[in-house]
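Here is what Swiss-Prot records for this protein:
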TRANSMEM  90-110  transmembrane segment
TRANSMEM  131-151  transmembrane segment
TRANSMEM  159-179  transmembrane segment
TRANSMEM  192-212  transmembrane segment
TRANSMEM  233-253  transmembrane segment
TRANSMEM  274-294  transmembrane segment
TRANSMEM  316-336  transmembrane segment
TRANSMEM  350-370  transmembrane segment
TRANSMEM  388-408  transmembrane segment
TRANSMEM  413-433  transmembrane segment
TRANSMEM  451-471  transmembrane segment
TRANSMEM  484-504  transmembrane segment
Amino acid sequence: MSLVKKFATVGGATLGSRLFGFIRETFMAAALGTGPVADAFNTAFRLPNTFRRLFAEGAFNSAFVPLFAKEIEAHGMDGARRFSEEVFGVLFTVLLLLTIAMELSMPFIVGQLIAPGFADDPAKFTSTVTFATIMFPYLACMSLAAMMAGMLNSLHRYFAAAIAPVFLNFILIAVLAYAWYSGQDAVAVGYDLSWGVLAAGLVQLAIVWVAVRNAGIRIGFRRPRLTPNVKRLLVLALPAAITGGITQINLLINTNIASAKEGAVSSLVYADRIYQLPLGVVGIAVATVLLPELARALRGGNLNEAANLQNRSVEFTLFLTLPAAAALLVMSEPIVRLLFERGQFSPESTVVVGHILAIYGLGLPAFVLIKAFIPGFFAREDTRTPMIFAGISVAVNVSLALTLFPSLAASGIATAEIVAGWVNALLLFATLVWRGHWGRDIPLLTRIPRLVIAAAIMAAALYVAVDWLAFPLSSAAPLSTRALTLCGLIAAAMAIYFAVAFGIGGASLSMIRRSVKRGASASSVERASEGADRQ
């Protein structure tokens, strides 16, 4: 399977999950708006969800995948199964102890670390603690699922791990639909959603567990022991946890700061949901596929192939991310209005969330590039350098957020996030170049400015069109009119971008065909080699 096809497999499944996530957030916005229960649930959910993103999309896969792949190469499937059982025993024990400790200390964690601003509102504080207590075991489910997803990715089976998250949205949509049908109040909806999150974690764990068994690996429980392999995993995973979870660390810090203002937490969450669509579809797909592919190339001593993988991944991410960033910058309010403005979500909320979303658009390329750059370190088993840069990024984020929040509120926090993201991305790239791990690639260097020009032309056209179509995009127009107008604008913008990008040489069909053929050829060789090994 070619690199592009692998990106498409993971990205397509992620796209499905994110689209259902939009439906979920639309229902939630109508039911809870940006009121106190919305703040309580979003804050409570951020705690396990932060660890979910960190483990499922960052630290665990980054550390586990290269070691698991090495075990397959050195000792075959039996060695890989033994290694996975050793890790499973330690991970399960740690998660059990962590869950118990967190459940017992949840009032302190919420009141002192996550949302100290809620202490002045006893009802909101109590709801947040209760919701978080119900949902926190979701972390254990998703951490175990992340381990199994890493195994599947190493075996080039991407679909099950990528599609599992959609079931969180399925279950929460069903919960919200039932709440609407039965006429529940906001607090009852918050309780139902919390139990729904826990149920979704169990379902997702079951899906990847079945997929691993179908792949031929049956994981048994071993008494937890710090074997050499497990120690190596922990050494790699700790700094990778900080590095891969930099966005999540920033989100937790920002939640702490935002809790001082009513509605700020929920406004950031709603904007983040929209911005996560392109970030998830492109960034997570690239990071998930690139790490095992890059590790394989480096193990084989194929430095040219490794350099080509990195360059084509950056090219691919920018080709899709730059127009998405431009669209978020220009069309933020119409997008938020269409998706969320109904029920308890007011026009004033649309303006606030729209401003935050436009700011996130400026940072989108940085966060996607981070996901493309980090595998260049992790595949070489260097997790320390990205950890240092992550620490610098956190310091930038915290200092700016504290400085800007008093005057700009939630928009100040969003600004701090994107500045920190760009600092992190630039440090990662500069270090790869300085160490000679990023070869000069003429096609990439010539295409990037052309893609920027294409995105700028598209943004200018959208700016004029949004002003000209102000009424069809306003809340005074029927929902169907707004939806058709926005979809038409997006389609026209895509046509303009692709026409300009291909027209001025930012992209070419021959480039795409070469990528597919190169990946198909590599896959054929890989399959032949695997067949010879089995014989």
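Each residue, glycine too, has its Cβ placed from N, Cα and C.
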Item to check | Proximity of the transmembrane segment (350-370) to the transmembrane segment (388-408), 3+ C-beta pairs under 8 angstroms | outcome: no
Checklist entry - So, does the transmembrane segment (484-504) come close enough to the transmembrane segment (316-336) to give 3+ Cβ pairs below 8 Å, pairs being at least 6 apart in sequence? => result yes
Checklist entry - Is the transmembrane segment (484-504) close to the transmembrane segment (192-212), in the sense of at least 3 CB pairs under 8 angstroms with a sequence gap of 6 or more? => result no
Item to check | Highest-contact recorded stretch vs the transmembrane segment (90-110), from 131-151, 413-433, 451-471, 484-504, CB pairs under 8 Å | outcome: 131-151
Next on the checklist: Short question: most Cβ pairs under 8 Å with the transmembrane segment (451-471), which of 131-151, 413-433, 484-504?
Outcome noted: 484-504
Next on the checklist: Same chain only, please: residues at least 6 beyond the ends of the transmembrane segment (484-504) with a C-beta under 8 Å from a C-beta of the stretch. Say none if there are none.
Outcome noted: 319, 323, 327, 331, 334-335, 338, 450-451, 453-455, 457-458, 461-462, 465-466, 469, 472-473, 477
Item to check | Intrachain neighbours beyond the transmembrane segment (413-433), with Cβ under 8 angstroms and 6 or more residues off its ends | outcome: 246-247, 250, 254, 257-258, 264, 268, 271, 310, 356, 359-360, 362-363, 366-367, 369-370, 373-374, 376-377, 385-386, 389-390, 392-394, 396-401, 404-405
